[in-house]
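What follows is a set of notes on a single structure, which appears directly below.
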Amino acid sequence: MIPRGGPGAMNSQSRSTSFSTSVPQIPNQRAARRPSVSSRFSYAVSIAEQGEAQTAQGVAAQHQIEEEIAQIKRYEDFTTIDWVQDAAREQLRRKARRKRNAGLWDAGRFDWRHRIRESYDAAQGWIVVTIIGAAIGLNAAFLNIITEWLSDIKLGHCKTAFYLNENFCCWGEDNGCDDWQKWTGLSPINYFIYILFAILFACTSATLVKSYAPYAAGSGISEIKCIIAGFIMKGFLGFWTLIIKSLALPLAIGSGLSVGKEGPSVHYAVCTGNVISRLFAKYRRNASKTREILSACAAAGVAVAFGSPIGGVLFSLEEMSSYFPLKTMWRSYFCALVATAVLSAMNPFRTGQLVMFQVHYDRSWHFFEILFFILLGICGGLYGAFVMKWNLRVQAFRKKYLTNYAILEATLLAAATAIVCYPNSFLRIEMTESMEILFLECEGAEDYQGLCDKDHRFRNVVSLLLATVLRIFFVIISYGCKVPAGIFVPSMAIGASFGRSVGIIVQALHEANPQSPFFAACLPDVPCITPGTYAFLGAAAALSGIMHITVSVVVIMFELTGALTYILPTMIVVGVTKAVSELFGKGGIADRMIWFSGFPFLDNKEEHNFGVPVSHAMIKDVTSIPTNGMTLQQIEALLAEDNYQGFPIVEDEHSKILVGYIGRTELRYAVDRAKRERTLSPQAKCTFAPPPSSVNASTTGVDITTPLGITPGLARMDSFNTINFAGSSSTPAATSSFSNFINFSRYVDTTPVSAHPRLPLETVMELFRKIGPRVILIEYHGKLMGLVTVKDCLKYQFKVEAMEEVADGHGAEQQQHQQQPQPGVSNDERLWELMQRVAGWVSNKVSLASGGRIRLRDSLDLPREPLIGAGAGMGGGSNSTVRRRDDQILDGTEDEDEDGVELESQDWERYPR
């Protein structure tokens, strides 16, 4: 249920056992012991005994009701999955299948056809994973080929075959060839063509995303984390999202924007898994099995992005999945294996490498270099904290002011990036190509722009440091624009350029002081310092700093190099990065985006110590339904209000003795079905009381409730037969004295998750993480006291953190407020006014130059509807994060936006609470 005016419980009945130490009451006023977890799941195992008492017609009717309700829920958006209910339903299906097979054995009808069908059902999971892995590998290979061609076409073309990129056109050559020709012999014209291609690619990518699949924008990792945890976002993993993501991603990378394809690789991999698995009924009707597939696809996406299958599995375990059993790990391992094998067979670079920046080192390292490795780790942690803080502020500004200008924003960003980056030789080329150059050793490798030339060291260091600073700036303002955009490779490119500059400086210090005791470990006449390894370790530090992941980064970098000798330096760098990052707050950029977007997600990385019971966070003003007394008109009026997504069932409004819980979807379905089957009076009495058999069983502590909340005592009869309140039933042909009564008791969940009001809030949050209910009812000695949802826990958490930040920074904030020259105007508003003036000036010049044929002002004067509180929570401290107000956290009960606008641009304030 959802309390009036407060955050809501989820829109279907919660399934789980009670964790309360109190004793709930039942309708006959006798004390009852609420069933435990084992008793609820033992029912799924022992359903056969109850099934024997049911007629075939009753079983068929029950199955039909379950399927119809499940079909309705599949079309609900922004809802959450009750994992206990889903697991119990799967247990029931398995038991029913085993019972059916046992009946076939007894009848002698279990022939070879049934054996083949059973074998196929058992192997279906591996078959699906194989198909998905192959599809992901093929898609990754084609995207790599297209991306390289689009990146090179901005600089020139191949005279022999226009469809070849520079590497294939000049196969076997180190520094270009005659077959690869620049567009013109004039550098200014080539500069202009470079900018023109960048604008064209970015505009096309943004247009495809905005017009056909708004969910294809961004990285998608934060949303996928919530989806795997049970949050439903209809269309985010759909077919059109997969198509547009695959088409727009190469265009976005080819435009030169400071975004990467490795994050979106996870998104299109998970989309592939979702689309293919939906073709199989086994996964279409079971959320827990779909979760296994999505986790495996996330691993495969990272595997094809970095050529690291084991690293992909560890990434899915460390970052993506909140529930990762051994079975899921094997699925992920196999899916990553198949995807990587297919990518290797496709061999998109014709070098045997899975990714362009794969490299091998044949030198070792020295212990004195650990000091410089620690420096790289410290800089990696500082980089992650700095970029996350300022990128979230840019995201808030984008959400508030630039929502209506998605295409124009992406186009101008691409133009600015091309204008600034073209003069720098390390920014002009695609980021993966630059990492390939920076990772290589100088001996026996291509000398790009004199990178290994001793005479050009100062110039190269300045160029690399300038590239680092500019790339950081463009990553901050580009990540989050409405094109497919990741942050993995941009961060690694930043770390590689900075690390290479450090390596060149260390190499110069050694050559200037070869006899120094500090370099005593270096052998004479042998290269001592390898700058490429510093670039490699800098990339690892930056990736760990922005994502806050450790083990998977070490394994990914090891699989990229294949060098066992550099595992220890990589572990040192990543460990230092992790320690520095933790000083500025927990959670990487994906976790910060979850908080910023307001998704109901409880992160298992955080440890809380609130020291308060759950009664401090629960909703006390709860609208409940009595077991008897309400009319059909009153029930429909209750359903007509969007504030309610579920309702606790109590004995009466005065005693508040908890009987069960019914979801809004189930109640809506029950009312519609009753009205379809017969004509009902608006004053027809409705009952939600369980039958006497259920009451008697409850007093003995035996759980006889089906996993779907359908009362077995009524499973044999149509739930819409008229009944009296004494428990007797009659058919529709019965006497008219019973014609105004409707029984909804079979839809009541008689064993909802419940907790004592004094149960610690931390324990309740663990219940949400571990067993995944939608709502937890709070009861005391059987009396309903309130309810709590994930949103309520997050609201309390944000409230406590906000109070702590106010208490810690009250003096500094007060001083800053006193120094503010214009208290009524924020910096964001000043920046927006400046942008409007500049845009107006540019539009006027363009209009004059074109004789009025080109007018940009119309597109710049579109009406704007800023989001309320979009930038709330921005702090000045380095460890502050931009968060939505606590009343903007999604309930998991919202309806889909009919216009299908971007996720980041939706105004969550319009959704009911």
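Cβ coordinates are placed from backbone N, Cα and C, and glycine is handled just like the others.
The annotation compositional bias 'Low complexity' is assigned in TrEMBL to 12-22. What TrEMBL lists as compositional bias 'Acidic residues' is 892-906. According to TrEMBL, the feature domain 'CBS' maps to 618-677, 748-805. Annotated region 'Disordered' per TrEMBL: 1-37, 867-913, in sequence order. Taken from TrEMBL, the feature transmembrane segment applies to 125-146, 191-210, 231-253, 265-281, 293-317, 329-346, 367-386, 406-427, 461-479, 534-558, 564-584.
The residues of the domain 'CBS' (748-805), classed with DSSP into helix (H, G, I), strand (E, B) and coil, number 26 helix, 15 strand, 17 coil. The residues of the domain 'CBS' (618-677), classed with DSSP into helix (H, G, I), strand (E, B) and coil, number 23 helix, 17 strand, 20 coil. Same-chain residues lying 6+ beyond the ends of the transmembrane segment (265-281) with a Cβ under 8 Å from its Cβ atoms: 124, 128, 131-132, 135-136, 139-140, 216, 219-221, 224, 227, 237-239, 241-242, 245-246, 249, 290, 293-294, 296-298, 300-302, 304-305, 320, 335, 339, 484, 486. Of the two recorded stretches, the transmembrane segment (231-253) does not lie close to the transmembrane segment (534-558), with fewer than three CB pairs under 8 Å once pairs fewer than 6 apart in sequence are set aside. Note on the transmembrane segment (564-584): residues 361, 364-365, 369-370, 373-374, 376-378, 380-382, 384-385, 389, 533, 536-537, 540-541, 544-545, 548, 550, 553-554, 557-558, 878-879 of its chain, located 6 or more positions outside it, place their CB under 8 angstroms from a CB of the stretch.
Using a Cβ-Cβ cut-off under 8 Å and counting only residues 6 or more beyond its ends in the same chain, the transmembrane segment (461-479) has close neighbours at 219, 257-259, 383, 386-387, 390-391, 394, 413, 416-417, 420-421, 424-427, 485, 487, 490-491, 493-494, 497-498, 500-501, 504-505, 589. Within the chain, the transmembrane segment (534-558) has long-range Cβ neighbours (under 8 A, six or more residues past its boundaries) at 302, 306, 308, 310-311, 314-315, 317-319, 359, 361, 372-373, 376-377, 379-385, 387-388, 435, 438-439, 487-488, 491-500, 502-503, 506, 564, 566-567, 569-571, 573-578, 580-581, 586-591, 605.
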